[in-house]
């Protein structure tokens, strides 16, 4: 395994480690060796908000399952989660943000106007006031043209993460 990922594990907060441990423990119940099978690994990672493709999952497993046992212990799991978090913070998230922008941009004109923002936020089912919506629009609309373009949207969403 790469030392860079092992070093990154050391940078995880106790809260992150505890969250990962809790998820890992759910799936390790009943396992005599304290390891989870590679079949269960995808479920654990999805539970933690990661969404690796089957190919990515198999690649990660192959990299950490050095003895070919088909199981992953907690230390190996932490290294995998760090890797997944790193991958999620680039590339994929840009694609996801692009998809999200297109969802908001109902008329596909390349901008999110106040009505589109209002429609999407109300569709979430959350209680949100007109003032809240206007405040969000003001925060996102950096050039004050009354609409949010893609670059403004990216900048706004990066501040949210």
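Cβ coordinates are placed from backbone N, Cα and C, and glycine is handled just like the others.
All protein chains shown were included, and the count of other CB atoms within 10 Å of the CB of residue 76 (Ca(2+) 1 binding site) stands at 20. Look at Swiss-Prot and you will find 65, 67, 69, 71, 76 tagged as Ca(2+) 1 binding site, backed by sequence analysis.
Look at Swiss-Prot and you will find 105, 107, 109, 111, 116 tagged as Ca(2+) 2 binding site, backed by sequence analysis. In the three-state DSSP classification, residue 105 (Ca(2+) 2 binding site) falls within coil. Just so you know, the Cβ of residue 105 (Ca(2+) 2 binding site) picks up 21 other Cβ atoms within 10 Å once every protein chain is counted.
The DSSP breakdown of the domain 'EF-hand 1' (16-51), given as helix, strand and coil counts, is 23 helix, 2 strand, 11 coil. The domain 'EF-hand 1' annotation in Swiss-Prot covers 16-51.
DSSP assignment over the domain 'EF-hand 2' (52-87) gives 25 helix, 2 strand, 9 coil. If you look up Swiss-Prot, you'll see 52-87 marked as domain 'EF-hand 2'.
Summarising the annotation, Swiss-Prot assigns domain 'EF-hand 3' to 92-127 and lists sequence analysis as the type of evidence. Below 8 angstroms of C-beta separation, residues 133-134, 136-137, 140, 146-150, 153-154, 157, 161 of the same chain, each at least six residues beyond the ends of the domain 'EF-hand 3' (92-127), sit close to that stretch.
Panel annotation: around the domain 'EF-hand 4' (128-161), residues 93-94, 97-98, 100-101, 104, 110-114, 117-118, 121-122 of the same chain, lying at least six beyond its termini, place a Cβ under 8 Å from a Cβ of the stretch. Under the heading domain 'EF-hand 4', Swiss-Prot lists 128-161.
Taken from Swiss-Prot, the feature N-acetylmethionine covers 1.
The phosphoserine annotation in Swiss-Prot covers 98. Cβ contacts within 10 Å of residue 98 (phosphoserine), excluding its own Cβ and spanning all protein chains shown: 13.
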Task: Based on Cβ atoms within 10 Å, give me the single least packed residue among the binding-site residues 65, 67, 109, 116.
output: 67
Query: Under the DSSP assignment, what numbers of helix, strand and coil residues are found in the domain 'EF-hand 3' (92-127)?
result: 23 helix, 3 strand, 10 coil
- request: Restricting to the same chain and to sequence separations of six or more, state which residues have a Cβ under 8 Å from that of residue 111 (Ca(2+) 2 binding site).
  value: 105, 147, 148, 149
Field: the domain 'EF-hand 4' (128-161) - residue tally per DSSP class, helix then strand then coil
entry: 22 helix, 3 strand, 9 coil
- line: Rounded to a whole number of Å, the separation of the Cα atoms of residue 65 (Ca(2+) 1 binding site) and residue 109 (Ca(2+) 2 binding site) comes to 48
- request: Could you state the whole-number distance in Å separating the C-alpha atoms of residue 107 (Ca(2+) 2 binding site) and residue 71 (Ca(2+) 1 binding site)?
  value: 49
